[in-house]
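Features as listed in Swiss-Prot:
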- 108-134: region 'Disordered' (REGION)
- 117-134: compositional bias 'Basic and acidic residues' (COMPBIAS)
- THR233, ALA234, GLU235, GLU287, SER385: L-serine binding site (BINDING)
- ARG264, ARG265, GLU266, GLU351, ILE352, SER353, SER354: ATP binding site (BINDING)
Amino acid sequence: MLDQRLLRDNPELISRELGRRGMDVDLTGLQLIAKLQRDLEERRSGLQAEGNRIGKEVGQRIQAGADPKGAEVAELRLQGNQIKQKVAILEDEEKQLTAQLREELLSYPNLPSEACPDGRSEDDNKEVRRWGDPRVEDGLKEHWQIAEQLSLLDTERSVRIAQSRFVTLFGQGARLERALINFMLDLHTGKGYREVLPPVLVNSASLTGSGQLPKFAEESFRCADDDLWLTPTAEVPLTSLHRDEIIPSDQLPLRYVAYSPCFRREAGSYGRDTRGLIRLHQFNKVELYWFVHPEHSEEAHELITADAEAVLQALELPYRVLELCTGDLGFSAARTYDLEVWLAGAGAYREISSCSVCSDFQARRSSIRTKDGKTTRLVHTLNGSGLAIGRTMAALLENGQQPDGSVKLPQALVPYFGCDRLQPE
């Protein structure tokens, strides 16, 4: 959420930075609400100070010998009671304006980092680096073709069970999914991450804190009777782990890793990636999440990205790193690196992880602070996929396919899968 003080003191900066995202905003209405809220706050504070002064004066006069039931003291007490009534009215008005202002601000995205390159769309994203040698050969199959030939998944039965964009994994496919999850969790916990297994159902406050609500409600599945939602990413419950908390500065950074099923409606993606594992309503993902001191978030962004890259390197999967431009940033992000893995069958790079620094945007929405001595301030948060399991499996199938119909797996997976090949059954 945007800083209300910044809205009052420097609205031009907000307009300029949102303009870098391609937004043309008129903040006049928000500024008016913020000014009214600030004026009410000042009037209330002034009246409270006057009420405290009168209360103190009552005590002093009684101590000096005035009759506690006399007219002099009664008049002061009457003034004090009248002030209390006015304060109560102002508090109610102030709460209403504060809630209105918060509701309006919740719909605005984060301001981009100064380091984020300007641009209008994904065409303006900047390639940062590449790793590995992409396999380029004629006649390579796409992952869904390989998966069907090896009987790894069944989409027709999944439609019968649920609907389109769901898959059921069988045999080697189910084993490989489990192996990848365990491999990734072990890799990250070996680097000091604390493993978390969060709830799959989250409340509206959690989705609001991470930035999914109110703007993206149509993209998630909701259990309306209970005010619960199927989580679209473990980023949501991980953000709320410390909602409404003050984290001592000597405990930072906090680094969490979580496996969770993820659920997305994929609104607006009709006709795209209709086969295979790339775009599903339900998929598994291992998520990385950091809470850091504000002064260390840029450094942490490089580190969390490197941790996501380490998975691809261990699995011997070629990839490239893109820095997203301002016009392609996610709602909560101030700066983002996308990792795109090479899919040899498709002959293209596809996104497999987004690693974002969200500055204090999520922390302000979730009231997550840190305290260093007498100073209390909002933390910074970061998140990144480490990695999406289905897309990782797709990359392994396409890059490891062999002429005999088998798929060669990287050595790092052998202890988890039990052998180095997927064989036709």
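Using N, Cα and C of the backbone, Cβ positions are placed for all residues, glycine too.
The binding-site residues in question are SER353, SER354, SER385, and the one with the fewest Cβ neighbours inside 10 Å is SER354. Reduced to three states, the DSSP call for SER353 (ATP binding site) is strand. Beyond the ends of the region 'Disordered' (108-134), by six or more residues, the same chain brings 1-2, 13-14, 17-18, 20-23, 25, 211, 298, 309, 312-313, 316-329, 331-338, 342, 344, 357-359, 361 to within a C-beta distance below 8 angstroms of the stretch. Taking the C-alpha positions, the distance from SER353 (ATP binding site) to THR233 (L-serine binding site) comes to 12 Å. ARG265 (ATP binding site) sits 16 Å from ALA234 (L-serine binding site), taking the CA atoms of both as reference points. Closest to GLU266 (ATP binding site) in space, going by CA atoms and restricting to the binding-site residues THR233, ALA234, GLU287, SER385, is THR233. Within 10 Å of ALA234 (L-serine binding site), counting C-alpha to C-alpha distances, fall none of the binding-site residues ARG264, GLU351, ILE352, SER354.
Taken over all pairs of the listed L-serine-binding residues (THR233, ALA234, GLU235, GLU287, SER385), the Cα spread reaches a maximum of 9 Å, rounded to the nearest whole number. In this view, the densest Cβ surroundings among the binding-site residues ARG264, ARG265 belong to ARG264, judged by other Cβ atoms lying within 10 Å. Rounded to a whole number, the distance between the Cα atoms of ARG264 (ATP binding site) and SER385 (L-serine binding site) is 15 Å.
Per-class residue totals from DSSP over the compositional bias 'Basic and acidic residues' (117-134), listed helix then strand then coil: 3 helix, 6 strand, 9 coil. When the binding-site residues THR233, GLU235, GLU287 are ranked by how far their Cα is from the Cα of ARG264 (ATP binding site), THR233 comes first. Taking a C-beta cut-off of under 8 angstroms and a sequence separation of 6 or more, GLU287 (L-serine binding site) has the following same-chain neighbours: THR233, ALA234, GLU235, LEU238, VAL257, ALA258, TYR259, SER260, ASN383, GLY384, SER385, GLY386.
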